[in-house]
Every structure is written in C-alpha cells, then in structure tokens.
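Have a look at the structure below before the remarks.
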Amino acid sequence: AGHDRISVAKEGSECSGSIEDNTIWAGCAHGLSFFLLNALISQCAGRRKVLSISILLVAAAAAFVIDNTGEAISGLIFFYIFLTTAMVFGVVSSYFVDLYPTSYRGMVACLGMMVARLSAFAGTNLISSNMTEHCSVAIYSIAGLVISGAVAAALLPVGAL
C-alpha cells in the first residue's frame, strides 16, 4: 500500500502545463531588444558617464509611471523599460580598466560583480516580499534607489584616466 502512494505522488507531481505562444514570442522580443540595446550602447562607449546617467534616469521615470498607469500592456512596457537598468552593469564594469592598475584589476572586477550580484539578490527578495502588500511603496523605493545610482554615476570620471 505504501508503494502505491509513492507512485501516485510521482505521477501527480509531473509538470503537465504548457507555455502560451505569446509568452515565447515576448521572451524572444525581450532578448532581441536587449541585444540591440547592448549593440547600441557599445557604439556609444566613449560616453560612459552620460550613458549610465541617462539609462538610470529613464528607468527611474519608467518606475514612477508603472504605478500610475491604468492598463496592463502599458505597465508591462514601462516595466520592460525599467529592466534596462541591467545595461548599466557593463558600462560601470568598464571603469575597472581605467581606475585600477593591472595588478588589482581582476580582484576589483570580482569584488564589484560579487557586490552587484549580492545586492541584486537582496533587493529582489526585499522588494518581492513587499510587492504584494505595499506595491506603490516598493515601486517608488526602487525608483529612488535607481535615482541614487544616477547620482553615484554622476560622480564617476568623464573620460579615460
């Protein structure tokens, strides 16, 4: 009898859901547009400071608009625009080459990425736990955090050292 229950539990836990076609197309469009955005950003590599500040300010504005929009499609579009904050990681990482001597570059890059990943992990858990009960506060907090990143980016040096 115990063996029968185990086999039934295994059969019941099998994933039998399907993915909507629109979800797959949206994922493809998301990946392609991020690829194109990265290609555009790489063409403007000489203007790292302006790129960082502008990407972060546009993302913060999108976060403010997310809470004030009334429909799902526009909210999704503005959320997608907010996700472009991920493009700043590459731009900021390029400063490691200019700011630190060769002997420290690997360590600084490793520490920088480790802090960025830990912060992203902590922020994701902190925001997601508050999103269901305090959605507006969570979104405005995210926007404030992104604006503080733009202020920090304003303190970065302009050109190569």
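Placement of Cβ uses the backbone N, Cα and C atoms for every residue, glycine included.
Because TrEMBL annotations are produced automatically, they should be read as predictions rather than curated entries.
Taken from TrEMBL as is:
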type     : residues : note
TRANSMEM : 50-66    : transmembrane segment
TRANSMEM : 72-96    : transmembrane segment
TRANSMEM : 108-127  : transmembrane segment
TRANSMEM : 139-160  : transmembrane segment
**Message:** If I count Cβ-Cβ pairs under 8 A between the transmembrane segment (72-96) and each of 50-66, 108-127, 139-160, which range comes out on top?
**Reply:** 50-66
**Prompt:** Going along the chain, which residues at least six beyond the ends of the transmembrane segment (50-66) come within the CB cut-off of under 8 Å?
**Reply:** 41, 44, 75, 78-79, 81-85, 87-88, 91-92, 139-140, 142-144, 146-147, 149-150, 153-154, 156
**Asked** Cβ under 8 Å to the transmembrane segment (108-127), counting only same-chain residues 6 or more beyond its ends: which ones?
**Response** 89, 92-93, 96, 99-100, 138, 141-142, 145
